[in-house]
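Swiss-Prot annotations:
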TRANSMEM  7-27  transmembrane segment
TRANSMEM  44-64  transmembrane segment
TRANSMEM  88-108  transmembrane segment
TRANSMEM  143-163  transmembrane segment
TRANSMEM  166-186  transmembrane segment
TRANSMEM  221-241  transmembrane segment
Amino acid sequence: MNTTVNILLGELIGTMVLIILGNGVCASVNYKNMFAKQVGANWLLIALGWGFAVFCGVVISIQVLKGNANLNPAVTVYFMINQKGANIGLLFAMIAMQLLGAMIAQIILNSLNWKHIIENDAEMLKASSCTGPSHRKAWFRNISYEMLGTMILLAGVMAGDYHKLTGVFFVMAIVMSLGSVTGCAINPARDFGPRVIYFLTAKAFNKKLQNPVSADFRYGLVPLLAPIAAGLIMGGFSLLINQ
């Protein structure tokens, strides 16, 4: 693509992202049934917490273990397309490790928080493990929110040469502005791994949990597949703009 097209496309898409995130956060704190509206200041804590969680995961993966710090199957799928299938075996193994890491982490958290878990409704355990939408039957909207959020996150990955930790601020912005409808997975491992652990915990400790609820794997397809679709789209987009 030539410089003029890049400049004009940059203004178009950059302004789109600006308004989506800017007015998105306004919608989140104003509309009834938006999670940010319902939980108030706690939503800011959640957004900051997830941003810092990404920061810590990236630093440990890159600086301590000398890894790649994808930490997200959608990111790995993006690189799979961007690199035209190079090292595809390694990339699939990375996705498996991401899912396994998420599951082990949730087991550790459940063990640490067990006394709190059994003195609260099981819905609290599920809500702190995996995502759920404000309107479950709004499939198109839920898929769209997860895809859009992941696509913006992957735009941050595409800007990785600017700074390796750009994604931290992208995550915070996405959760604040676009997370109030679906709970904002934007990472299949982050949702599916802990969802499986919630399901197994509810089965194994059914008599100890208060009012167990379904793991809802049917809805779980949304945070599993929508980010993967976003990875495919953004991988293709990266090839297009770098021709």
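The count begins at 1 with the first shown residue.
For all residues, glycine too, the Cβ spot is worked out from N, Cα and C.
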Same-chain residue ranges lying at least 6 outside the transmembrane segment (7-27) that approach it to Cβ under 8 Å: 1, 34, 36, 148, 152, 155, 173-174, 176-178, 180, 241
For the transmembrane segment (44-64), sequence-distant contacts whose Cβ falls under 8 Å of one of its Cβ atoms, 6 or more beyond its ends: 71, 164-165, 167-169, 171-172, 175-176, 179, 184
Residues of the parent chain within Cβ reach of the transmembrane segment (221-241), under 8 Å, 6 or more residues beyond its termini: 1, 6, 9, 72-82, 84, 130-131, 133, 139, 142-143, 146-148, 150-151, 154-155, 157-158, 182, 185-188, 190-192
